[in-house]
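Structure first, commentary second.
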């Protein structure tokens, strides 16, 4: 892997944030210093993801996907794709970086071949409602797709077969995630509920089976994201209620509430907690919120360790990678 000294890709910790001010910002996680700003002219950024080899970052926006180089300070995207209708809401990668997946308001999830320099859409999965989220099963063979009609689709990439489940009809699924051990799947929705399933199967030719585990009334307002920790012991949920809540997966009890609510009764809402990402050791979490800040928190104590200030508008997505490649 060729990384130039002084580039984002040369840092063992990559933290990037983006949102409504049409910039992607890169931060030195421990100091809070912004080390690079990329102008993302065409629209807001809805989702960010770092490639598994840490060479590029994908930014999903309105009717496009842009990929920026992490190993140079090139301000321009090195790969662009503009052939998608409406907002691209979700983006991620196969673990070997062979393909990328996206989902969006055009009611499609797509798989893109990354082996050629021009993005080729290889496969399309069509649903009947705008897609809010797509996540990849750790087996790399099934995509979980959540849509605004309340449906969760499990798309088996090997057979092209799909199953669907609807936890609450007509209540939009905003985020879904499977823990690294493939023991649980969680999904949150626009009423603030979080559903958790036990997973079985999903090995070899077996299709993943979902067994309902629990329903958590996690938030009283819109929930925006759910993420399991790398060690599978924690689940984080983010919401429009200005909190990110950390739940223990041993019994799905609340461990910590991270809040950006003001202690000053006269101050209005600081806005939504849009997204989060755990550190590799599961001890810390970074959040993105619409008060223009990202924050680094200690998971156990709920203490804010660092604030990342510089965005001029809401921060709605982030990407965090502190795993050092061997």
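We count from 1, first residue shown onward.
For all residues, glycine too, the Cβ spot is worked out from N, Cα and C.
In Swiss-Prot this protein carries:
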- 86: SUMO3 cross-link (CROSSLNK)
- 215: SUMO3 cross-link (CROSSLNK)
- 245: SUMO3 cross-link (CROSSLNK)
- 261: SUMO3 cross-link (CROSSLNK)
- 305: ubiquitin cross-link (CROSSLNK)
- 305: SUMO3 cross-link (CROSSLNK)
- 313: SUMO1 cross-link (CROSSLNK)
- 313: ubiquitin cross-link (CROSSLNK)
- 1: N-acetylmethionine (MOD_RES)
- 1-37: repeat 'WD 1' (REPEAT)
- 83-122: repeat 'WD 3' (REPEAT)
- 126-165: repeat 'WD 4' (REPEAT)
- 218-257: repeat 'WD 6' (REPEAT)
- 268-309: repeat 'WD 7' (REPEAT)
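Annotated features taken from Swiss-Prot, shown on the structure.
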residue	record	DSSP (3 states)
86	SUMO3 cross-link	coil
215	SUMO3 cross-link	strand
245	SUMO3 cross-link	strand
261	SUMO3 cross-link	coil
305	ubiquitin cross-link	strand
313	SUMO1 cross-link	coil
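Within the same chain, residues 174-181, 183-184, 186-194, 196, 269-282, 285, 287, 289, 297, 299-302 sit at least 6 positions outside the repeat 'WD 6' (218-257) and bring their C-beta atoms closer than 8 Å to a C-beta of that stretch. Same-chain residues lying 6+ beyond the ends of the repeat 'WD 3' (83-122) with a Cβ under 8 Å from its Cβ atoms: 46-49, 51-53, 58-65, 128-136, 140, 143, 145, 147, 155, 157. Within 10 Å of the Cβ of residue 215 (SUMO3 cross-link) there are 13 other Cβ atoms, across all protein chains. Away from its own ends, the repeat 'WD 7' (268-309) comes close to residues 15, 17, 19, 21, 25, 27, 29-32, 34, 222, 224-225, 227-231, 233-234, 236, 238-244, 246, 255-258, 260-262, 315-320, 322-323 of its chain (Cβ-Cβ under 8 Å, at least six residues beyond either end). On the 0 to 100 pLDDT scale, the model's mean across the repeat 'WD 7' (268-309) is 94. Note: the Cα of residue 86 (SUMO3 cross-link) and the Cα of residue 313 (SUMO1 cross-link) are spaced 21 Å from each other. Separating the Cα atoms of residue 245 (SUMO3 cross-link) and residue 261 (SUMO3 cross-link) is a whole-number distance of 13 Å. The closest partner of residue 305 (ubiquitin cross-link) among the recorded sites, by CA position, is 261; the full candidate set was 215, 261, 313.
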